[in-house]
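Take a look at the structure set out below.
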């Protein structure tokens, strides 16, 4: 009983405030149409400052974790040697590289000279690729590659060495390797008999770069474009680089924009058809359209203010408009339901009285659900994962 009385008092208090607000809006309707549109447009200017973050490491690993702190400490103690004496085992941060996998066509054994010769030719093509660096000069792989013994590091080039070729012709390739030379990670789908490599379907080479940088990103683009257009005579070519995952995650955003446009259109059609009436007096389809449009404007405003504050846009935020449209349309139907209930009242009512009654009854429910949503997003905004935190901030400001 105590809880029920408390709830009744809170409901009555909130309902009274909404009723007063509705009366104020009815007296100055155009101000409440024009001013919000102007404010929303001004907030949308924040899109100019929209910055995105695509690094999967930053997005999906905890910020300020002990592991990241330890890595920073190690980086200050052990300097990078990628410019002089590179060793992939000594890397303390994410590697920058380009991977190429060669497959013998028709499922044949790739341990033959014709395949090795074609792979060498393709490697020469890749290392001679040119791109425009950040200074505007023309550069190639040798300017950004990791160095060991004054040579660019390409993991797997042991297959071009004289000892390997001799073993290849003698059909006597020791596996997993001899001495300091290891063939593990180079060959795929292998058949080994008595410590001798008899068959393999794949060969993988890795082009090691000094570090992630703008020049490395430009080389990745040239690398990708070249291999897209390249085809082997006796091998199939597959490729990837250290930023491929980030690129694919971001590539989904373009498709989301199309789906959002489709969702918005379908919501307009559904809301219109659900509220259409053959009587002009009781037809409320324009109210439904305004409700959907209001949700879309809220997305513009929330994106603008958060982007204007410098918070990075992350790929998961692209799902936010679908969520907001759903919540906004749901609230709109609650208001229309409250408006429909006013027609059950005895005696004629002025439009202003109907709106007051609608806001008094429906406003309370919408407020409670909105506060619940806000609380959930506020909790999410404290997450140590950047992707979750930024998503909750972008969505919570709706």
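Placement of Cβ uses the backbone N, Cα and C atoms for every residue, glycine included.
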Listed range which TrEMBL flags as transmembrane segment, given the options 5-27, 28-50: 28-50
Secondary structure composition of the domain 'SSD' (256-398) [DSSP: H/G/I, E/B, coil]: 115 helix, 1 strand, 27 coil
Distant-in-sequence neighbours of the transmembrane segment (28-50), which means Cβ under 8 A and at least six residues beyond its ends: 297-298, 300-310, 313
